[in-house]
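Beneath this line is the structure, given in structure tokens, with notes to follow.
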Amino acid sequence: MSSVDISAIEEHMKMASLDGLRGYAQDHYGEVQQYRTTDYVPKSAAGGFQVLREPLWNKGLSFTPEERVSKNLTGLIPHAMESAETQVARCMKMINSRQTNIDKYLYLSALKDQNVDLFYRVLIDNVRELMPLVYTPTIGDVCLQYSTLYTRPEALYISIKQRKSIRTILRNWPYPNPEICVVTDGSRILGLGDLGVNGVGISIGKLALYTGAAGIHPSKTLPIVLDTGTANETNLKDPLYLGLRAKRPSPAVAQEFMDEFMEAVADVYPEMLVQFEDFETEKAFNYLSRYQHKYKCFNDDIQGTGAVVLAGYIGAVNLSGVPIEEQRLVFMGAGSAGVGVAKQMVEYYTRRGLSEQAAREKFWLVDTKGLVTNDRGDKLPDHKKYFSRQDNGGHQFRTLEEVIEYVRPSALVGLTATFGVFTESVVRALKASVDAGGSGRRPILFPLSNPLTKAECTFEQAIQWTEGTVIFASGSPFASFSIKHGDHAVTYHPNQGNNVYVFPGLGLGAILCKASKVTDEMVYIAAQSLSESLNAEEIHKGLIYPHIERVRDASVVVAREVMKAARREGVSTLPESQWVEWEEWGDVALTKFIKEKIYDPLK
Ligand SMILES: NC(=O)C1=CN([C@@H]2O[C@H](COP(=O)(O)OP(=O)(O)OC[C@H]3O[C@@H](n4cnc5c(N)ncnc54)[C@H](OP(=O)(O)O)[C@@H]3O)[C@@H](O)[C@H]2O)C=CC1
Ligand SMILES: CC(=O)C(=O)O
Ligand SMILES: [Mg+2]
């Protein structure tokens, strides 16, 4: 956050010392000026060079004449002093000159390694174009090739062989008191499966969005990968693979290691929020229930996704013309995301007065064996039991078409990590079942799997197969497109239903109110507040999420409501007097407080 104590970083890194008022010195143009220098002054010219080499200190061509003198930078950088806009324009020109998305990513990654402020200015000002590079879909390709692309470390890499040294490794992180870490063990990266240590790219990408989308100071973010081996044969055979060349341990051993990790984190960084990311299904559910009441943590795939999809669904129901009581939802995919989303929606229905049983019965979950039922003959894992149907009269529905024919749903959600499973016949059957309820009704279709190569269908297909009536959201972004009707064209705008609309604001809120835990209520409120964060233009356009350019605005709203929920839940550790002071001004004072904390570089 902007209140970050840079001097603490300097102290921590023992690279510079204060020598107070500088007095007279030659300025950038060779004129003698008096400076009121309150910045630290490196003792030698080498110190100036060091300033340029430290990505958190380097301000590129934004250094003022005064800073160039006081930090011994004169002559170490070109003469030009440039506005942020000019520097951003240069970066965008360079990015656009790169041919492939990976090359664009590598350029951005190198920029982050040289000048953090400029990297985030470029990202924030060009979020629609650049988010797909630092995050899904490109980050998926980066993870697949991480060991080959590797040039320098950007995270903490903690292998199970180092389990006795976890505290030491955590203390080796160079920036003091991180506030948020994203940790993965690489076992289910996006829809790409077990990538082992290569999955670290997802921790790095998510944290770039904590800063880009919610303004958490980059020095306060800590990416971590827990390396417990991999089941990925391609990686194991790759001579360049950077992780442990071992099969994954048993769940019991993995859990012991995770216990040790969580204890070490609580010891070394007691204030830090932990986001679990892309753990394979069983571990995802197990670690969430095991740690959520003990530590300050949440699971993004279960809870963040649950919240973001619920938010979009609330908006979609309003547009669909199908009354809430008549909604019936088929989920293809009954893993951590599918079950997490369905549970968040059950909560929504129960808060609208339905019994839990009635709410649960609105959902039909489909996995690789077909409709999840009590009597289909396989042993259901715990996470599927809650939604398992027992009203199927002994009949088993093996294909999605059969399920749609049987259920006649109003909404179809895809969280399968399987490309193309929403076929033309599936989507047309969904539309037919919605049309049968009355004219003007619109089907809700959310193919949410990432990256794009795993999407259940494309936006264009969804529009074509529903004659443009679909309410659509995908996990990775599709472009808008137009269809010509005679002499005029209709442009269709997709939504991106991705947890990036939730985790940054949820994390920001939890950090700012110094929450001791992340409660289910805080997650639910994140969903509700996101659904209420659209502006008039977005509502008029028929969108169900804010434009991605407004993701920071949405994060502020989410953070504010999460903070208030934390206080109601008794998990905020801010003094009560602070809340009373804010309350006098309604939401205004709290919103101002959040905005003042947000990192907005080169402004
Ligand atoms: N948009 C967003 O913000 C988010 C998107 N996701 C995406 O969701 C996807 C799933 O993630 P997650 O739930 O964690 O993964 P899981 O592995 O936990 O679950 C995948 C589920 O899909 C089912 N499945 C796979 N293939 C098929 C198929 N052909 N037909 C029917 N069911 C199938 C699996 O069935 P079975 O149980 O039988 O194996 C399983 O239930 C990923 O692509 C991920 O990127 C995740 C989080 C957020
Ligand atoms: C977006 C995300 O968290 C996922 O696809 O796993
Ligand atoms: Mg994820």
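Just so you know, glycine gets a Cβ as well, placed from its N, Cα and C.
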Site co-member for divalent metal cation according to TrEMBL, given Glu277, Asp278, out of Asp238, Asp259, Asp301: Asp301
Same-site (S)-malate binder from Asn232, Asn235, Asn450, given that TrEMBL records Arg188, Asn498: Asn450
Those recorded positions in Tyr135, Lys206, Glu277, Asp278, Asn450 whose CB falls under 6 A of ligand 3, listed in sequence order: Glu277, Asp278
Distance check against Lys206 (active site, proton acceptor) for the recorded positions Tyr135, Asp278, Asp301, keeping those with Cα within 10 Å: Tyr135
Whole-number mean of pLDDT values that fall within the domain 'Malic enzyme N-terminal' (112-292): 98
Three-state secondary structure, which DSSP defines for Asp301 (divalent metal cation binding site): helix
Residues among the recorded positions Tyr135, Arg188, Lys206 that border ligand 2 - Cβ under 6 angstroms, in sequence order: none
Sequence-distant neighbours of Asp301 (divalent metal cation binding site) in its chain (C-beta under 8 A, six or more apart): Phe276, Glu277, Asp278, Phe279, Ala284, Ser336, Ala337, Gly340, Asn499
Surrounding CB atoms that lie within 10 Å of the CB of Asp278 (divalent metal cation binding site), all protein chains: 26
Among Glu277, Asp301, Asn498, the binding-site residues whose C-beta sits under 6 Å from ligand 1: Asp301, Asn498
For Arg188 ((S)-malate binding site), nearby residues of its own chain (Cβ under 8 Å, 6 or more apart in sequence): Asp194, Asp278, Phe279, Glu280, Thr281, Ala284, Ser336
